[in-house]
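Per Swiss-Prot, the feature active site maps to Lys280, Arg354; the stated evidence is sequence analysis. What Swiss-Prot records for Lys268, Asp273, Asp291, Glu352 is Mn(2+) 2 binding site. Look at Swiss-Prot and you will find Asp273, Asp350, Glu352 tagged as Mn(2+) 1 binding site, backed by sequence analysis.
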Amino acid sequence: MEFSVKSGNPEKQRSACIVVGVFEPRRLSGVAEQLDKVSDGYLSNLLRRGDLEGKSGQVLLLHHVPNILAERVLLVGCGKERELDERQYRQIIARTMNTLNETGSMEAVCFLSELHVKGRDTYWKVRQAVESARATLYNFNELKSKKEEPRRPLRKLVFNVPSRKELALGEQAVQHALAVATGMDICRNVANMPPNICTPRYLADQAKLMADNYDNLTVATVEEAEMEKLGMNAYLAVGRGSEHESVLTLMHYKGAADDQAPIVLVGKGLTFDSGGISIKPSANMDEMKYDMGGAAGVLGAMQALAELQLPINVIGTVAGCENMPDGKAYRPGDILTTMSGQTVEVLNTDAEGRLVLCDTLTYIERFEPESVIDLATLTGACVIALGSHASAVLSQHNPLAHEILNAAQQSGDKAWRMPLWDEYQSMLDSPFADMANIGGREAGTITAACFLSRYTKKYNWAHMDIAGTAWQGGKDKGSTGRPVPLLTQFLINRCNTEAAE
């Protein structure tokens, strides 16, 4: 599928189909009015007749419109003009994409990128349009014996920009969008794999396959034997009950000078989380294959980064592990000595992600990072607090937190900051160890971040809890590809800031 931008008049487009908007109630958009004028009122007559109201998501396909060079004109309902927001814009693009494939058109020119979305420029509208269009094409059927490919004749989609001056901006938007979309596909493919295939070793292998395509991306692994020497006892304890060995995968992307301190992305990679001895209820336990959503997000972000060849140093860290009950599994009541030397009393083996992450966060101190962001499907409490719309951001470093929130706002990959105040730290007190691995029923997302904060004193750090956003359940069960758009935007912004300085 090819995406591009151009600037031109709608009536002069020699295309299989051109796409224009209609607002509610029965009001042509500016571009549609141009077509109406050239076609001697053909479109406005249709609207007066009641063929299309203009409600969001309505479509009307027209053939042989008078004086128009295109074979077809697709009218797309956009709702009330003043109420057109970002979410509705993306939904309109997705509806358009599905309709175009139903029409049989092999190529089309879309003028919906000229719609007014409050506070958004041409770059944003083109980028979101391409990302939304690509998302409609995603289909995970690798493991089906009979692969029924959906009918998708559309091969080329061109988005029109208002003026030739904005072509460069539009082209950059397409480039960024395609990199993000490819990263999201990687994230979704890995996360959707079943846990009998997607093991900690599989995550490492996927990183190595990615590195084969880029000269400035290299991969190393930390195996269990080395973890033992390093004293990563918390990480090792979580994986002891599994047949599959734990693997910490390090992806080194070199886009800048060696002396530039790297940004480190850390992804929780629990390829299956049964809960261990504190076993989870059976209902929806199959979805615990998505407990490696943070690791999948890191893989996706590294793919987008490498595709864009951004001038920045980044280390993607994939903390692969599996939490299973077994005679060798760790138990409630165990006290673990972490790599940092701090001790942890295990009160619940289902609070395992923080144990894997705490040793990983200590390990990466050796890279002297400029900033660290960890991503984890860490707490059910986050889903209760924020639902499935926003990822949680927790940090004691305000500038980094603000950067992440800005990237969320720009990319449309929403996030919300939660407090990380010292008052919550005492909830982790243990009579037998330096801390417990859970803090009780209240403020679960915050106390989990408090736990991690004790291992991040040597660098600027932020934690993202993506438990509600990494995947969706139900009939449309599957990975969402988040937070790849947010992370990619964060890295783009970092490069832009450094270039400006």
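Cβ coordinates are placed from backbone N, Cα and C, and glycine is handled just like the others.
Annotated features taken from Swiss-Prot, shown on the structure.
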residue: Lys268; record: Mn(2+) 2 binding site; Cβ within 10 Å: 31
residue: Asp273; record: Mn(2+) 2 binding site; Cβ within 10 Å: 26
residue: Lys280; record: active site; Cβ within 10 Å: 14
residue: Asp291; record: Mn(2+) 2 binding site; Cβ within 10 Å: 28
residue: Asp350; record: Mn(2+) 1 binding site; Cβ within 10 Å: 19
residue: Glu352; record: Mn(2+) 2 binding site; Cβ within 10 Å: 29
residue: Arg354; record: active site; Cβ within 10 Å: 26
Asp273 (Mn(2+) 2 binding site): nearby recorded positions from Lys280, Asp350, Arg354, Cα cut-off 10 Å: Lys280, Asp350
Using Cα positions only, nearest of the recorded positions to Arg354 (active site) (Lys268, Lys280, Asp291): Lys268
Rounded to the nearest Å - Cα separation of Glu352 (Mn(2+) 2 binding site) and Lys280 (active site): 12
Residue pair Lys280 (active site), Asp350 (Mn(2+) 1 binding site) - Cα distance, angstrom, rounded: 8
Remaining residues near the recorded Mn(2+) 2 site, that is with C-beta within 8 Å of the centroid of the site residues Lys268, Asp273, Asp291, Glu352: Val238, Leu270, Met288, Met292, Cys321, Asn323, Gly353, Val356, Ala376, Thr377, Leu378
Rounded to the nearest Å - Cα separation of Asp291 (Mn(2+) 2 binding site) and Asp350 (Mn(2+) 1 binding site): 12
